[in-house]
């Protein structure tokens, strides 16, 4: 494939394969996803397309093998709503998000609150993340970056590509599209395919959004779905994602992310996560316990120094610690902040 700046927008051809990799009858051949390019894979790779289709099974190898964040609650109490991060209703809905739901999704103003509550209840049954319980998916994050206007320009005017990794409902994808980014150049992936399917319910765009979504496990090296995009992305977005890992696993995740990017200066990793005034390892204050790393700016810079040493590349980190909704709650550790970042390949 030639430069993405000169190629036509990627298209997805659906076909029926009852026994495909994901166990679903609706998939897209990666050779059509990125025309004329199969990334050197010997096996045929198929990326399940959730555009207007049913939800797909989760791709995971289990927390013992991958180091993915452990369950937040015992399986027998998975639907427990007596935890401090479960809110019965949103205290308020961010005006930007409300505008997206009313103008992009055409949901009447007086129906927005009940609509998001209904979607949240379904999502809670999938996996009770704090961001689900607190309705934090209603707080768009990608547009908080000072780089956001330039990002929209790259996608809209330069025909560049973006992968939202750990996209949940892909709410930030919808923000990009509403601001003029071509939806066919944007991809989304999450451990839970159900979340991406609920995104279509939340935004009511199943028949119009041309983005491609697929379930994936970033730490599963055998995941051919993700390998199908290696070397093809101009930007990878990590929204509320990296705080799920300890320091060593974070280095491993970021190293894997670099393989998704085009190997050239200007390729970009950007995102937001739970951070801390002092980067350290602490037990996370949830019933399952666990030891995860809370980054400050210096520790995030160390991650990318190690990534650079492992890959023979150089990266520039721009980051900031901020207060934000859902950060600094009473049940969280002292010093919790929102950590936003952009990491540029030099």
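Note that the numbers count up from 1, one per residue, in the order the chain is shown.
Positions of Cβ are set from backbone N, Cα and C atoms, glycine also.
Under the heading region 'Disordered', Swiss-Prot lists 1-22 (among others).
Positions annotated as region 'Disordered' by Swiss-Prot: 52-88 (among others).
When other Cβ atoms within 10 Å of the Cβ of residue 190 (S-adenosyl-L-methionine binding site) are tallied across all protein chains shown, the result is 24. In the three-state DSSP assignment, the secondary structure recorded for residue 190 (S-adenosyl-L-methionine binding site) is strand. Annotation comment: Swiss-Prot describes 190, 191, 217, 218 as S-adenosyl-L-methionine binding site.
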_At a 10 Å cut-off from the C-beta of residue 191 (S-adenosyl-L-methionine binding site), count the other C-beta atoms across all protein chains._
22
*The record names 190, 191, 217, 218 as the residues that bind S-adenosyl-L-methionine; what is their largest Cα to Cα distance in Å?*
9
*Across all chains shown, how many C-beta atoms besides its own are within 10 angstroms of the C-beta of residue 218 (S-adenosyl-L-methionine binding site)?*
24
